[in-house]
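What follows is a single structure, written as structure tokens, with notes after it.
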Amino acid sequence: MTVLVKHLGVVDYVSTYEVMRAFTKERNSTTPDEIWILEHPPVFTLGLAGDAGNLHSPSNQIPLVQVDRGGEITYHGPGQIVVYLLLDLKRLGIFVKELVSRIEQALINTLADFGLVAERRSGAPGIYVSLQPGISPEWIGAKVAALGLKVSKSCSYHGLALNVATDLEAFGRIHPCGYEGLKTVDMQTLGIKDNIDTISQRLLEHLQKQLMPT
């Protein structure tokens, strides 16, 4: 079945969240899957396992939104590629654990296309910078991409976020994913100058290869 890809630009978090929840609630076995690629204005989101105390330095300029995805607290903002994956997992024949693994591999492959080596970390979904030449030691082990999913009626929503040229100061206000001291980095800080549209397209290609192999 064809997957509908939507490039939404910069869109409000809460309204987008409400639309994807409604889409998932109303879809049926014949509803085409959708992939939404977008950016959000600055917002902190707190997942089902979240502790609001992990927002240790609140900002009057950045709202905190409680959401129904898995995981802890994270930040979304301009310069970060957000991809929402509205997929019928039963139809694709993918279980949640396999979905996470495939998303992570798509992110690893995307970063590799731009000369960056990255890796998974057991027990901590997301993608982290690996030891490699040309990267400052302070960024080894830093988180460059995050995942957070919700599955309802065998259908996924929410998705992933890849930091391209993001406000890293905002991440300094939280314990990302609940881990105190975890550093967050973006591709620009790691020396990648390609624009966000180029990186978004490459990420989309890798997601399609991983999730909808021909």
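Glycine too: its Cβ is placed from the backbone N, Cα and C atoms.
According to Swiss-Prot, the features are:
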- 29-214: domain 'BPL/LPL catalytic' (DOMAIN)
- ARG69, GLY70, GLY71, GLU72, ILE73, THR74, TYR75, HIS76, ALA146, LEU147, GLY148, GLY159, LEU160, ALA161: substrate binding site (BINDING)
- LYS143: site 'Lowers pKa of active site Cys' (SITE)
- CYS177: active site, acyl-thioester intermediate (ACT_SITE)
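On the structure: features taken from Swiss-Prot.
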residue : record                               : DSSP (3 states)
ARG69   : substrate binding site               : coil
TYR75   : substrate binding site               : strand
LYS143  : site 'Lowers pKa of active site Cys' : strand
GLY148  : substrate binding site               : strand
LEU160  : substrate binding site               : strand
Widest Cα span across the substrate binders ARG69, GLY70, GLY71, GLU72, ILE73, THR74, TYR75, HIS76, ALA146, LEU147, GLY148, GLY159, LEU160, ALA161, in Å? 16
Pop the Cα-Cα gap between LYS143 (site 'Lowers pKa of active site Cys') and TYR75 (substrate binding site) into the table, whole Å please. 12
GLY71 (substrate binding site) and LYS143 (site 'Lowers pKa of active site Cys'), compared by Cα position, are separated in whole Å by 15
Quick note, LEU160 (substrate binding site) and LYS143 (site 'Lowers pKa of active site Cys'): C-alpha atoms separated, nearest Å, by 13
Pairwise CA distance, ILE73 (substrate binding site) versus LYS143 (site 'Lowers pKa of active site Cys'), rounded so that it is a whole Å: 13
